[in-house]
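Enquirer: Please find one structure pasted underneath; my questions will follow.
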Amino acid sequence: MDASNYLYISALLFTIGAVGVVVRRNAIVVFMCIELMLNAANLSFVTFSRINGNLDGQVMAFFTMVVAACEVVVGLAIIVAIYRSRRSASVDDASLLKR
Amino acid sequence: MMQLALEVGQTATPEAVMFWILGPLAVVAALAMLLVKKAVHSAILMAFVMVVLAVFYIAQDAVFLGIVQVVVYTGAVMMLFLFILMLVGVDSSDSLTETIKGLRPIAITAALGFGGLMVSLLGRATLGRDAVGLSAANADGNVEGIGYLLFSRFVWPFEVISALLVTAALGAMVLAHQPRSSKKSTQRQQSINRFRGESLATAAGLPAPGVYARHNAVDVPALLPDGTPAPNSVNASLKARGDMLDSNTFDLKKISTQVEEEK
């Protein structure tokens, strides 16, 4: 087995996450799909780190994890704030700018 | 033996077995995450994918990242997701109906194109190239290696990211903060309201909701001694949600009291 198989699976997971962001309507599920995309990117960072034989990729993946944690905290706070004002967690309902 | 196999650039057989079992499972779980209806099920499947990724990290000599993945993602982030899910509640936005017309076929076509492009690009970029392996970089230990990099070459990004964490925590506090709309009533004020309010009838407290043997019953109003239900015995928020049951259905008159003769 070649180490690049991990890269293929990372590409697949990233694509699935992207489809989820577009297709699903629940804001929390959309958010989880974004997390899936970040995780897929992390997997390719780790794999490239192994292919190239240095630890830079792992440090980058570590930074990505911290940024993802920040993003989850702020994003979920936004979802809770929207839910408080509009009583819905659907991404279709927050469309004040359109009307 | 593991080290030898890594040096040649090919992964060892146990890793291949692990990959071909867990890899398809992760992809199937990720696909199911899109297809299941309930957000809670999506969260569980997401946690599974994250654990599989942690195993992949550890298999690829990224021990520290594998542990961090389990602790931070499946531990903290997924718990936060589940917490918000429980707070926000499961509502109608869980339905899988297509709200924008023609979105789904377009999204799937674009995804097939994008995925095919990524896989073919990756195949061209790495085909025929041997993996170096991390046995040299991890010679002093994986945590030591990452720590050395973090505090030498990447010390500036590391500091910036700490500022980002503090900012995110502050931002979440500001966003989630909600000022009180009314002043909190003191114990003295509550006592005055109770005894000098509209009537003395509720001075001793409201009646407790009925507990019937046939129903688990905070949502059933109590029956007063004259047989009429007392709606104020049920919690106001249950009433507002429409979860209050009619206590007439639990009336003993409705139950058949006839005893059939046994043969």
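Every residue gets a Cβ built from N, Cα and C, even glycine.
When I checked TrEMBL for this same protein, it listed these features:
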- B:17-36: transmembrane segment (TRANSMEM)
- B:43-60: transmembrane segment (TRANSMEM)
- B:66-90: transmembrane segment (TRANSMEM)
- B:102-122: transmembrane segment (TRANSMEM)
- B:154-176: transmembrane segment (TRANSMEM)
Enquirer: I'm a bit unsure how to read this: which one of B:43-60, B:66-90, B:102-122, B:154-176 has the highest number of Cβ pairs shorter than 8 Å with the transmembrane segment (B:17-36)?
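Expert: Highest pair count goes to B:43-60.
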Enquirer: Can you tell me which parts of the same chain pack against the transmembrane segment (B:43-60), counting only residues 6+ beyond its ends and a CB-CB cutoff under 8 A?
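Expert: That would be 15, 18-19, 22-23, 25-26, 29-30, 32-33, 36, 66-67, 69-70, 73-74, 78, 81-82, 85, 134.
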